[in-house]
Each structure stands twice: as structure tokens, then as C-alpha cells.
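Since the structure comes first, as C-alpha cells, the remarks are kept for the end.
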């Protein structure tokens, strides 16, 4: 095998850490460049850029996963990391090209799909959840540390050095894949030639969505995921810009906010989640997480003071227990040979939200005239001047963050749907197995299910 040692989870962990560490360093410079490039309709353009990227990722992820099932993981890890990090040096060369390449990079910005397939190749089924959790925790750790480092370097030495450092980390990641990462897909599973057939049904991004209506419980879970993850995806794309330009956070405070909420989220998803699952059960943990998410979004929507954002951030950390709890419920109630198929449905829904959420948030900001066109650069925490709230009769003085309020309403609907999900669902287990058997008579699902299990994670991270 090319690479260092046998393929392991630690190879995957290093690849993920370096990629997202590089992007995390750019948190502060990216907010500045975004405002300078699009001084009018900043939130709208931000939403469109992330929306195009998310939709392209949703469309391409199954195809890249299917190709990696045939031709191996290492080459596609190299491809996805290279194209995901390609826009980084363009930030200082040409901001317009930077944002254009970010949008188009969504076609290949699916490193997580290939990483989870890599992990599935080298772990037993009973080890997989732990391995996925380690990869997700590494992702969170990289985003906790890098924005603070990037903000400090930007303040002390300027944005150019941050971009150079991020580009260096990205090159280090590419070099690590080339030299150190061994191929995880066994030789006997790979075809002799590059003309091997591919399961186009497996590569269809809408295939998992079409299966949603076949089981009532799966349908309820998918609606819950869609209504709750749509606002989260939109919030992730615009929230740091919102903190910086509308609330008045400095670059350093935004970085500190990311770090504190990230650490609290890791604690919530490890310590608190385990206690809640044992004490109140799976379904009640999901409902509690959705309740925290409603409170968090409402607080963001009505909050206009920095301390309110910090308090809502602590609540946001608690709301991060929702998706691990949903994944655990699905994993527990589905047949072993249906894990990939059912998890693939949820992954497909979340991928769709990654495209729709940012565009929705940008559009709502635009509708409510929450814009930055008259706003000077905010560099100090607690700066009193907030031009978008200057007119006390303006709606933004009452609701500073309209999209967050829309998001709270969406999650409230999600909570109402989740109430109808059975606590102990035997229908999903027997129903999925029955449909799997019946489907085999008309067209074989077994290879698809097996292939999907290689691609779809049991616990995929929610920010990708």
C-alpha cells in the first residue's frame, strides 16, 4: 500500500483537522472581504454564495461516493481536499474570483462523504459510531481553535499573513494525503480498469429522497430533520457576519464566541447527551434539543445586546444534542442491512438544507432591509452605533434578526412533528425489512444498501 502504515481512523482525523483548520483561520478575513466586495446586499450575496455551494454539494456527493466505491478513496480524498481549499489563496489575489470559486467548489466540497467511506472500510460495524464520533469531534476541535488563532494573527500582522498560513496548512493537508494516507478500499473490491460500471441509481442524489414516503416513521423523522436543520444551515452561513456587523462584535470577540460555543457543544454532545439518553430516553432527548433550538433562535432574533448573544450561544450548545439523538434513534430501529439506506435519507435531507438554508436567510435579511451598505467597519466590542437600528420606528429595532425568528417558527413545527415519532419503533425495523425483500423481486436493493453503508455515516457532522 502507498502511504504510512495500515489505513486507520487517525489518517482520516488528520485530513479533516487540517482542512477545516485552514478554513477556520479565515473566519475574520472572510467577513472583512465579504463586506468590502459586496457593500450592498451583503447578507443576500452571502446566502446565494453558500446556497449555490450547498446545492452543488448535495447533487455531487452521491456520485463522488459511488465513484470512490469503484476507484478507491485516496484519489477522491485528494480531489475533494484540493478543490475545497483551492479558493483560499484567491482571497487576496481577487475577491471576485474567490467567491466565484467558492460557489463552484461545492461540486467537490464533499470531503466528509469520502472520509466516512474511508472509516467504514477499516472499521467493524460495532466500532463505526465511535469512529464517526472521533472524526466529528476533530472537526469541532479544529473550528474551536483556528478562528481565535486567525483573529490574533490578523490583528497583529494583517490578513495577508492569515491567508498565506491557511494556504500553507491546505498544502500540508494535500501533501499528507499524497504521502501518508494509504488506500482503504481493498484491492479485490476495485476493478481492473477505469471503465468499470457504476451504480447510477446509487449516484442519484434524489434517490434517497424518493424513498422517504415509503415508511411513515422515516417520513416523520425526515420532516423533523428538514424543518430543524434548514434554519441551522442558514444560521451557520451568516451568523458570524451578523455578530460582527450588526451586533457590534469585534474580530477577536467573534473568534472567542466560536471557541466557547464549540467547547460547550462538545461537552453537550458527549457528557450531557449520554446522561439525557439514559435518564429521559431517546425521543425526549430529541424534543429537549429542539426546545433549546427554538429558545436559541428566538433569542438571536430579538436580541440586540452582546450579552444576549453570549447567553443564546450557551443555549445553542445544548441544542446540538438533537442530531446525534436522531441518528441514534434511526440506527437503533433500522435493520442492519438498512442502516446505510435509512441514514442516507437523512443525509440527503441535510444536504438539501445546506443549499436552501443560506439562500433563505440571505433573502429574508434582504426583505427586512437588514443591510450593511451604510455601516463602517466595526472593530470594538460594545460600539453603540448600529445604523440599521438607528430609526426607532424601523422594524429592525424591534426584530434585529428576522431570519432567526423565521427559523424559530420552523423548529417549532419540527417539534410538533417529532411528537408523533414512536419512542420504540418496531414498524421501521419490520417495514424496512419487508420493503427491502419486496424490492429485491423487481430490482435488487442489496448492492445499493451495502454500498450506501460504505458511504453514509451514522453520525455525520451538522456544519458541513
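Even glycines carry a Cβ here, placed using N, Cα and C.
Among the features that TrEMBL reports, domain 'Major facilitator superfamily (MFS) profile' is placed at 8-425.
Per TrEMBL, region 'Disordered' is recorded for 431-464.
For 12-31 (among others), the entry in TrEMBL reads transmembrane segment. Taking Cβ pairs closer than 8 Å, the transmembrane segment (12-31) reaches residues 77, 81, 84-85, 88, 91, 111-112, 115, 118-119, 134-135, 138-139, 141-143, 145-147, 149-151, 153-154, 159, 162-163, 165-167, 169-170, 172-173, 176-177, 180-181, 240-241, 244-245, 251, 254-255, 258 in its own chain, all 6 or more past its ends.
Same-chain residues lying 6+ beyond the ends of the transmembrane segment (43-64) with a Cβ under 8 Å from its Cβ atoms: 34, 37, 76, 79-80, 99, 102-110, 113-114, 202-205, 207-208, 233-234, 237-238, 241-242, 348, 351-363, 365-366, 370-372, 455. Here TrEMBL flags 43-64 (among others) as transmembrane segment.
According to TrEMBL, the feature transmembrane segment maps to 76-91 (among others).
Marked as transmembrane segment by TrEMBL: 97-119 (among others).
Among the features that TrEMBL reports, transmembrane segment is placed at 131-154 (among others).
Residues or ranges marked as transmembrane segment by TrEMBL: 160-181 (among others). When Cβ-Cβ distances below 8 Å are used as the criterion, the transmembrane segment (160-181) is approached by residues 3-4, 7, 11, 14-15, 18-19, 21-23, 25-26, 28-29, 74, 77-78, 81-82, 85, 88-89, 91-92, 150, 153-154 of the same chain, each at least six residues removed from its ends.
Panel annotation: around the transmembrane segment (218-242), residues 27, 31, 34-35, 42-43, 46-47, 50, 54, 211-212, 254, 258, 286, 290, 293, 297, 300, 322-323, 326, 329-330, 342, 345-346, 349-350, 352-354, 356-362, 365, 401, 403-404, 406-408, 410-411, 413-414, 417-418, 420-421, 428, 432, 462-463 of the same chain, lying at least six beyond its termini, place a Cβ under 8 Å from a Cβ of the stretch. Feature annotation from TrEMBL assigns transmembrane segment to 218-242 (among others).
Counting only same-chain residues 6+ beyond the ends of the transmembrane segment (254-277), those with a CB under 8 A from a CB of the stretch are 27-28, 31, 137, 140-141, 143-145, 147-148, 150-152, 240, 243-244, 284-285, 288, 309-310, 313-314, 316-318, 320-321, 324-325, 328. Residues or ranges marked as transmembrane segment in TrEMBL: 254-277 (among others).
Counting only same-chain residues 6+ beyond the ends of the transmembrane segment (284-302), those with a CB under 8 A from a CB of the stretch are 224, 228, 231-232, 235, 239, 273, 276-277, 308-309, 311-313, 315-316, 318-323, 325-326, 329, 399-405, 407-408, 411-412, 414-415, 418-419, 421. As annotated by TrEMBL, transmembrane segment applies to 284-302 (among others).
Marked as transmembrane segment by TrEMBL: 308-330 (among others).
Taken from TrEMBL, the feature transmembrane segment covers 351-368 (among others).
Residues or ranges marked as transmembrane segment in TrEMBL: 404-421 (among others).
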Tertiary contacts of the transmembrane segment (308-330), as residues 6+ beyond its ends and Cβ separation under 8 Å: 221, 224-225, 228-229, 243, 247, 249, 257, 260-261, 264-265, 267-269, 272-273, 276-277, 282-283, 285-286, 288-290, 292-293, 295-296, 299-300, 302, 342-343, 346, 421, 425, 428, 458-460, 462
Interface check, the transmembrane segment (131-154) with the transmembrane segment (351-368), three or more C-beta pairs under 8 A: no
Close approaches to the transmembrane segment (76-91) from elsewhere in its chain (Cβ under 8 angstroms; 6 or more beyond its ends): 15, 19, 22-23, 26, 29-30, 33, 64, 67-68, 97-99, 101-102, 105, 107-111, 114-115, 118, 159, 163, 166-167, 170, 173-174, 177-178, 181
